[in-house]
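Colleague: Pasting a structure here, questions to come.
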Amino acid sequence: KMDYQKTSETSHKNIISDEESIIDSPAKRWLSWVNDLKIESYNTPPMYGDYEAQRHWMELTLHIPINRWYYYDLDWWGLDYPPLTAYVSWICGKIGSILDPTWFALDSSRGYESDESKLFMRSTVLICDYLIYVPAVLVFVNWWFAGNSWKKRELAVLLILLQPALILIDHGHFQYNSVMLGLTLWAINCFFYDHDVLGSIFFCLALSFKQMALYFAPAIFSYLLGKCIKNDIRGVMKLGITVIVTFGIVFYPFLGSLEQISQVIIRIFPLQRGLYEDKVANIWCAINVIIKLREIFDINLLAKISLITTLFAILPSCIYLGSNPDKRYLIYGLANSSLAFFLFSFQVHEKSILLPALPICLLILDDVFWCSWFIN
């Protein structure tokens, strides 16, 4: 904290030195931002917020048989993300229970928020950042800004990694959105280097981590389909097999019966939650201020209306991207598709804004005014 009344030449030098050290060490962004942040719903019973949800999933996957993961005590933060999230929770829970078994003791650990457990949980988010998201950003910048100066590349990396919404939501509110966004960015990188099969695997993994990655699916589908039609139509079959095999491996433990896989799908796509959650800045929430959509219309009708509206919103950019499968157009297509989903789709959560924020932030040095306006 700075005392502006005592600013001097010495303090200016210290400020410059501090800024340079933060740029040199992105880990300090985590320490400086998070040190004074309270976890969302910190120490607030009865549900304790998203931090407790993530902690509980580590507890759940650690102690409950895998075929019961999507059934166990659904009223207390029941698992509602795809299996890859559950697998990562299991790994984190396994490591954490070695350090202190009480952090993830079945049922008795609910609402547990010791300083040590919070440090461990926060560290897992940071580690995921550095394992998946940060390397993906570096690879993207090297391709996108190839031929540009190192100074411009470093500036792009800094602006992308310091995107405030992702820092606040993942490290303050507490989630693992950077894993899904990082896997998506790895898919984009693979497409840039013409490794389309590997890119498809990465995108399937992003979908298998958080279903919100579907916001990007129309643009990626259009790009790959257009590229296959333009170059080799047989590539469609190869990519199709890749998608089926990847999802088959991820979901394999839950394919034992129709009832079990149906439960997984119902938990991942909870239509019963309604048109949107809380106060989210999309079209339906804005209209609902004047016209009470959720009170007037049946939930199934609202789902159909939002589906049709979303399809119309993404159609122009998808058609253009499919007929012009250019790698640079792909980023703009991803921005259009994800923003259309955020504005018009069914069951939108406020954190979903992170999806359009990713491709828009990637364009921060190409469309400075619009991108900075959106991010701000």
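The backbone N, Cα and C atoms fix where each Cβ goes, and this holds for glycine too.
If you look up TrEMBL, you'll see 127-146, 176-194, 200-224, 236-255, 301-322, 353-375 marked as transmembrane segment.
In terms of burial and nearby residues, how do these features look in this structure?
Modeller: Sequence-distant contacts of the transmembrane segment (176-194) (same chain, at least 6 residues past either end, Cβ-Cβ under 8 Å): 54, 85, 88, 124-125, 128-129, 132-137, 139-140, 143-144, 166, 169-170, 200, 202-203, 205-206, 209-210, 212-213, 216, 220, 223-224, 327, 330-331, 334, 351, 354-355, 358.
Nonlocal intrachain contacts for the transmembrane segment (200-224), taken as residues 6+ away from its ends with a CB within less than 8 angstroms of a stretch CB, comprise 81-85, 88, 176-177, 179-181, 183-184, 186-187, 190-191, 235, 239, 242-243, 246-247, 250-251, 268-269, 314, 317-319, 321-322, 325, 329-330, 333-334, 336-338, 341-342, 345, 349, 352, 355-356.
Long-range Cβ contacts of the transmembrane segment (301-322) within its own chain (Cβ-Cβ under 8 Å, at least 6 residues beyond either end) map to 218-219, 221-223, 225-226, 229, 271, 275, 283-284, 293-294, 329-330, 332-333, 336-337, 340-341, 343-346.
Here the transmembrane segment (353-375) has long-range neighbours at 140, 144-145, 152, 155-156, 159-160, 163-166, 169, 177, 181, 184-185, 212-213, 215-216, 281, 331-332, 334-335, 338-339, 341-342, meaning same-chain residues at least 6 beyond its ends whose C-beta is under 8 angstroms from one of its own.
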